[in-house]
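Marked as ATP binding site by Swiss-Prot on the basis of sequence analysis: Ser37, Gly38, Gly39, Pro40, Asp41, Ser42.
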Amino acid sequence: MPASIGGLPLPRICPHFLTLRVAIRAHLTDHVHIGLSGGPDSLALVAAARAEGAEVTAICINHNLQEGSAEVSERAAAQAEHMGATALIRSITVPPGSMEAQAREARYAEFAQLTDTIWAGHTMDDQAETFLLAGLRGNPAGMKSASRRPDLTVIRPLLGVRRADTHGACTELGLTPWQDPQNRDRAFRRVAIREQVLPLLAEIHAGDPVPGLALAATRAAMEGEALEFFVDKRRGEWADGFPVRLAAEPHALRRLMLADFLRGHGVRVTSKKIEAVDRLLTHWHGQGGVAVGGGAHGRLEVVRVSGKLEITG
């Protein structure tokens with residue numbers, strides 16, 4: 001282990017930090033870009049990547065959602081630079097709507113302006129919380145270690161690492177991370193799950209529920225990835241309308257195919273729309289078309305014509 005990273009000396013014995021270093025090795029490249037909030041997870045991730053010899057560019061996003069957010073970004077950037085990383089600060093405007101979702105999309109859009117691959121500090125605990133949140137929305141799913149968006153790949157090297165290790169690593173290295181006050185506000189569902197639901201599950205389960213939930217999330221993510229693979233392979237089948245014969249496909253695969261078909265025509269996909277369109281395949285009795293939103297030329301509608309589904313509007 002190096003004696004220091006930049007101007008930060010490294011202690012000889014630091015088991016939490018070693019856990020992080022081992023975890024990231026499978027994802028390591030010569031130069032990595034890391035989304036740095038200044039919190040324990042991303043700060044420890046920057047330190048681990050630097051200790052493993054990577055050149056690091058830390059991208060600090062000021063979402064302008066909290067008082068003092070500019071100072072938080074500046075402090076995080078200074079900490080990264082002290083560890084020998086390059087730091088960039090970007091200020092963004094988050095559109096109205098679901099704050100967590102809109103902030104994430106705005107942040108990823110900004111990352112995509114700077115790199116094609118970004119590391120995120122999500123841990124096993126985040127994975128378990130995400131699985132429960134997604135389940136409440138009727139779509140139990142997990143984060144993948146590598147998520148590919150149209151313009152950005154998100155790498156999550158710490159999904160197998162506990163939050164206690166990132167916090168412990170910061171303590172071992174003498175780093176003082178930013179503690180987001182919103183992480184204590186139970187008005188946010190994720191915080192309520194973290195502070196109320198998971199402790200109750202631990203009591204009922206008579207043990208830590210996080211590893212099992214995280215494993216379920218990982219399996220859901222892998223199964224989803226397999227289905228997406230088949231959709232990618234078969235996309236040409238619905239390039240000129242969605243064939244009615246695909247009604248024979250398994251429901252889960254057919255839903256993804258329909259979602260891909262709709263997105264290809266600029267439709268904002270929801271479960272309700274997919275189910276309504278699916279009935280044109282599986283419960284056909286001559287009914288009219290299904291409205292799926294507005295397009296550039298007006299109302300969009302899916303209709304069944306001559307053995308296939310078409311979008312008009």
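Backbone N, Cα and C atoms are what each Cβ position is placed from, and that goes for glycine too.
Looking at Gly38, Gly39, Pro40, the binding-site residues in this record, the fewest other C-beta atoms within 10 angstroms of the C-beta turn up around Gly39.
One residue stands out among the binding-site residues Ser37, Ser42 for having the most other Cβ atoms within 10 Å of its Cβ: Ser42. Sequence-distant contacts of Asp41 (ATP binding site), defined by Cβ-Cβ distance under 8 angstroms and a gap of at least six in the same chain, are Gly121, His122, Thr123, Asp126, Leu158, Arg163, Thr166.
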